Ligand SMILES: Nc1ncnc2c1ncn2[C@@H]1O[C@H](COP(=O)(O)OP(=O)(O)OP(=O)(O)O)[C@@H](O)[C@H]1O
Ligand SMILES: [Mg+2]
């Protein structure tokens with residue numbers, strides 16, 4: 001075995017995150033580490049790389065016990081890691097980020113030219129066309145993710161650990177990554193792969209280890225398992241009617257109109273579009289990363305001012321000049337970037353859920369504590385948020401559970417029009433189904449929802465209408481039986497056909 | 001209950017300091033009634049600590065938003081000058097107080113606008129007023145030390161009410177009022193949210209810009225109160241020396257209060273205790289009879305010890321040690337059970 005972990009235990013105040021976990025990684029294998037949100041996957045990785053101090057347990061690399069005390073010590077041992085929350089430095093250049101800690105030097109100074117060359121070499125094969133001399137902050141999350149991966153790959157001599165690396169990548173980028181990973185595997189590296197996309201697990205990995213509530217449930221060869229068994233291992237029960245894959249019965253319905261956007265657009269963000277939203281309707285927004293999906297949402301929520309057009313409801317024109325104005329108009333927006341735009345890390349789960357509600361009521365009328373607690377308890381239960389209690393700081397929750405809290409914040413507002421940008425990113429299969437069910441439930445009560453998602457299955461499962469965005473234009477609108485993977489993929493890809501479809 | 005736990009380290013530190021000083025100066029805790037007013041080293045600390053205590057209240061809010069206000073010492077000089085000038089101009093007590101507070105509000109609006117609207121980093125933004133503000137104060141005093149004699153004004157420096165020095169009362173009441181305002185309304189939580197993650201808070205509908213300006217205005221107001229106390233105390237305005245370096249003591253008080261310079265969770269009570277600790281060190285060193293040239297060194301040493309003892313790293317090690325001990329105990333019990341079978 002390349003890497004063996006025995007009896008790894010880690011306790012946080014109020015939670016036993018890992019309970020005597022054993023884990024083996026062979027050279028030349030891709031090993032999936034799976035489990036529900038909060039099962040302990042990221043904690044296992046952080047204990048392994050020394051980012052967290054473990055309570056107990058033995059780690060051996062190539063037969064020798066090791067005990068890295070920090071990520072950089074782990075790197076020296078040949079363990080490269082991409083953590084779930086990308087931790088690069090946005091104010092440094094791409095090249096500086098890539099070579100951080102081992103900058104090429106010349107006469108004791110950083111050799112900029114060599115640094116550039118080295119960085120460009122590291123990015124070769126990932127199909128990125130970017131300037132490594134620019135600040136990292138100039139690039140999207142997906143690109144940052146790939147840069148983090150490239151950095152970890154270059155640093156990993158023996159072991160590469162990827163914690164949900166594909167969460168913000170699109171299908172093409174995932175394929176590129178997988179090719180890289182397979183190449184490394186063939187070179188004899190051991191690779192740990194964490195993901196909630198089970199299709200990817202079946203496609204890429206050789207073995208699977210499942211954690212549940214901090215304990216190891218099983219390790220098996222991927223080929224010996226099927227999807228249902230795997231889910232049972234993860235949840236400890238069968239998943240009653242998994243929503244994904246069971247498409248909604250798409251009957252085009254006549255709904256009373258709630259909102260209408262007319263000629264709504266902003267130069268450089270998204271070209272003017274018309275869009276009506278029906279009461280209780282679920283709209284899907286499909287398209288590649290950077291196609292203008294998020295930009296459309298930001299425009300609707302007042303994060304950027306529209307240059308043309310406007311929005312109105314039954315009673316007249318709406319002011320959408322700022323998020324506050326949009327919220328006053330009954331809008332809500334759960335953003336894609338949960339760490340930067342979603343969570344307020346030091347505040348408790350309770351406060352994070354109550355935040356938007358409190359902002360709407362104004363500072364002088366605090367939401368009574370009992371009411372905050374009631375809301376927190378309600379959503380902890382409804383969304384199955386794994387937390388030691390409503391007073392736990394949200395920053396201590398696992399990634400998927402943080403995402404659930406951000407969703408809870410907006411559901412608690414009960415807006416009439418809720419925009420969800422990648423609502424299920426990082427969320428496990430069980431909770432995924434739960435959230436899609438919840439979307440159906442609240443829309444049945446009259447809320448209208450716009451879902452932006454890279455997972456077509458998800459859109460097909462919940463959307464009444466799908467808008468396809470390409471090159472910052474709304475190029476197609478699919479309704480009823482038109483909503484299939486095939487038609488969406490074709491609309492996303494179709495080059496030169498936009499003239500015919502641009503009637504939207 | 002949790003509030004009490006939050007300030008426990010500060011209370012313990014203060015108690016230890018008081019015990020230490022009492023060792024050197026046995027009369028430290030003695031309080032006498034002279035002419036109907038309470039007199040003694042403790043009362044002296046409460047009175048002398050007023051300016052830093054007042055500044056610390058405003059500074060706590062600014063730091064909670066991940067900012068810092070370097071201009072408060074200078075603002076003290078400006079507002080003190082304005083108060084003294086107004087008195088000499090015959091605007092009366094009411095006019096003088098109103099104008100001084102107004103000057104504090106303006107200083108805060110200036111800082112707040114630079115930070116929240118123009119987007120300059122707080123340390124740089126407030127540095128502008130810090131360096132230029134004494135010039136403004138000199139303009140007001142026309143370069144002289146502007147003295148006045150006005151009993152109403154002097155009350156804020158040396159008067160007393162129910163036996164308690166007026167500056168101590170002003171300080172205590174301000175701290176209590178602001179702390180209550182923060183926790184009885186939602187302001188405290190909203191300020192913390194903006195401090196931890198401004199982008200996320202703004203997306204959730206929090207009016208981050210207005211809140212940011214408001215905390216700098218609050219800091220300016222606190223500085224104005226401190227400036228009034230300082231001016232009233234010496235019955236005059238000294239544009240060059242009033243409040244000199246006090247911004248640093250105020251920041252130190254907030255830090256000793258265990259508030260993170262990275263923003264977020266804050267406790268006004270803890271900051272105020274921090275100010276008390278600083279003043280106790282200052283006064284204690286004098287009373288204990290050390291030669292005055294040692295003052296700064298001893299103060300620096302004590303502050304270092306306090307900060308080290310309160311550091312989260314130490315708390316972390318402490319927690320780890322306790323866990324290890326507990327695990328050992330559990331294992332011992334397990335083996336005991338096994339051998340017992
Ligand atoms: N720093 C921390 N302080 C306290 N508790 C923590 C901390 N980090 C993690 N936990 C807790 O440990 C448990 C495991 O979290 P972990 O992040 O390992 O989950 P995960 O399996 O990676 O989940 P996800 O799929 O959502 O990323 C959770 O219950 C979490 O709340
Ligand atoms: Mg995780």
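Glycine too: its Cβ is placed from the backbone N, Cα and C atoms.
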- Message: Can you identify, from B:7-25, B:26-44, the stretch that TrEMBL calls transmembrane segment?
- Response: B:7-25
- Could you name the stretch, out of B:45-63, B:93-111, B:123-141, B:202-230, with the greatest number of CB pairs under 8 A to the transmembrane segment (B:242-262)? B:45-63
- Task: Quickly jot the same-chain residues contacting the transmembrane segment (B:7-25) by Cβ under 8 Å, restricted to those at least six beyond its ends, or write none.
- Result: 41, 256-258, 267, 269-270, 273-274, 276-277, 280-281, 284, 287-289, 302, 306, 309-310
- Of B:45-63, B:93-111, B:123-141, B:161-181, B:269-290, whichever stretch has the most CB pairs under 8 A to the transmembrane segment (B:202-230): B:93-111
